[in-house]
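Take a look at the structure below.
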Amino acid sequence: MGQPLPPVALLLLVSASSRAADVPKALVLLDPPWASVLKDDHVTLKCQGLHPAGDNTTQWLHNGSLLSSQAPAYTITAARAEDGGEYRCQTGLSSLSDPVQLHVHLGWLVLQAPRWVFQEGEPIQLRCHSWKNNKLHKVTYLQNGRGLRYFHQNSDLHIPEATRNHSGSYFCRGLIGHHNMSSETVTITVQGPANPVISSSVLPWHQIAFCLVMGLLLAADTGLYFSVQRDLRSSQRARKEHTLGWSLGSQDK
């Protein structure tokens, strides 16, 4: 029967298992960063995650189905309606990413943003994008049906710090040639305030609990180890004294 692991070895083994279970998630990034695009737009999805040395294999999922591409970047050269949906990725040393939604619209204009939910204090960037980048001018951004900003030449709308007042429905309109075009309406939500960021130096509660339990186990095992060692030494010392006494008694006879 094999000997039980010493306390320190047991602690290291369990700690290594805990780290192996805590695999970082991969991350899907859009390039350009817009969550909504028009038909025929060019879009690249990039997967950020850890790879084994010399192996950049990446698994891509579209609406839950595995894609044939295994490259770190997945390119859509001319977007179609069926390219819209949910994308996720995974690398050799990263777990499956959270889903990223890509919306493909049919029309002349689309109002673009990196996402539709923001925290108070975050910047918001909106873009009025035309199909095949047709020249667009006299552009108006509207919030809840009211004009928010006008540009004679098409420009992005920047909101430096989002507040609750920036929540609402948005669309843009402008001229392509002599034709007045409008985008579909989208909803932007501003939440907040954002939860305070916990310093990475502070361990999550489950890791703290794990360390406390392992510390107690280590202390108990260490105490038991030294107690057994002390008893063994005492027993050996008593046995030596008994043997020595018996030997001296024999000589006296």
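Including glycine, each Cβ sits where the backbone N, Cα and C put it.
The local packing around C47 (disulfide bond), expressed as other Cβ atoms within 10 Å of its Cβ over all shown chains, amounts to 24. What Swiss-Prot records for C47-C89 (among others) is disulfide bond.
The disulfide bond feature in Swiss-Prot is assigned to C128-C172 (among others); the stated evidence is sequence analysis. Within 10 Å of the C-beta atom of C172 (disulfide bond) sit 29 other C-beta atoms, taking all shown protein chains into account.
Feature annotation from Swiss-Prot assigns domain 'Ig-like C2-type 1' to 24-90; the stated evidence is sequence analysis.
Summarising the annotation, Swiss-Prot assigns domain 'Ig-like C2-type 2' to 99-189 and lists sequence analysis as the type of evidence.
The N-linked glycosylation site annotation in Swiss-Prot covers N56 (among others) and rests on sequence analysis. Note: N56 (N-linked glycosylation site) has non-local neighbours A71, P72, T91, i.e. same-chain residues 6+ apart with C-beta under 8 A of its own C-beta.
Taking the Cβ of N63 (N-linked glycosylation site) as reference, residues of its chain lying under 8 Å away and at least six apart in sequence are, in sequence order, G85, E86. Secondary structure from DSSP puts N63 (N-linked glycosylation site) in coil. Annotation comment: Swiss-Prot describes N63 (among others) as N-linked glycosylation site.
Here Swiss-Prot flags N165 (among others) as N-linked glycosylation site. Around the Cβ of N165 (N-linked glycosylation site), the number of neighbouring Cβ atoms within 10 Å comes to 8.
Summarising the annotation, Swiss-Prot assigns N-linked glycosylation site to N180 (among others) and lists sequence analysis as the type of evidence. Annotation note: N180 (N-linked glycosylation site) sits in a strand segment as assigned by DSSP. Neighbours of N180 (N-linked glycosylation site), defined as other CB atoms within 10 A of its CB across all chains, total 10.
Taken from Swiss-Prot, the feature signal peptide applies to 1-20, supported by sequence analysis.
What Swiss-Prot lists as site 'Important for receptor turnover' is D221, and the listing cites similarity to another entry.
Averaged over the topological domain 'Extracellular' (21-207), the predicted model has a pLDDT of 93. For 21-207, the entry in Swiss-Prot reads topological domain 'Extracellular', with the evidence type a curator's inference.
As annotated by Swiss-Prot, topological domain 'Cytoplasmic' applies to 227-253, with the evidence given as a curator's inference.
The transmembrane segment annotation in Swiss-Prot covers 208-226.
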One should report the C-alpha separation between C172 (disulfide bond) and N180 (N-linked glycosylation site), rounded to whole angstrom, as 11
Most Cβ neighbours within 10 Å, among the disulfide-bonded residues C89, C128, goes to C89
C172 (disulfide bond) -> DSSP, reduced to three states, gives strand
Expressed in Å to no decimal places, the gap between the Cα atoms of C89 (disulfide bond) and N180 (N-linked glycosylation site) is 40
Cα-Cα, N180 (N-linked glycosylation site) versus C128 (disulfide bond), nearest Å, comes out at 13
The correct three-state DSSP answer for N56 (N-linked glycosylation site) is coil
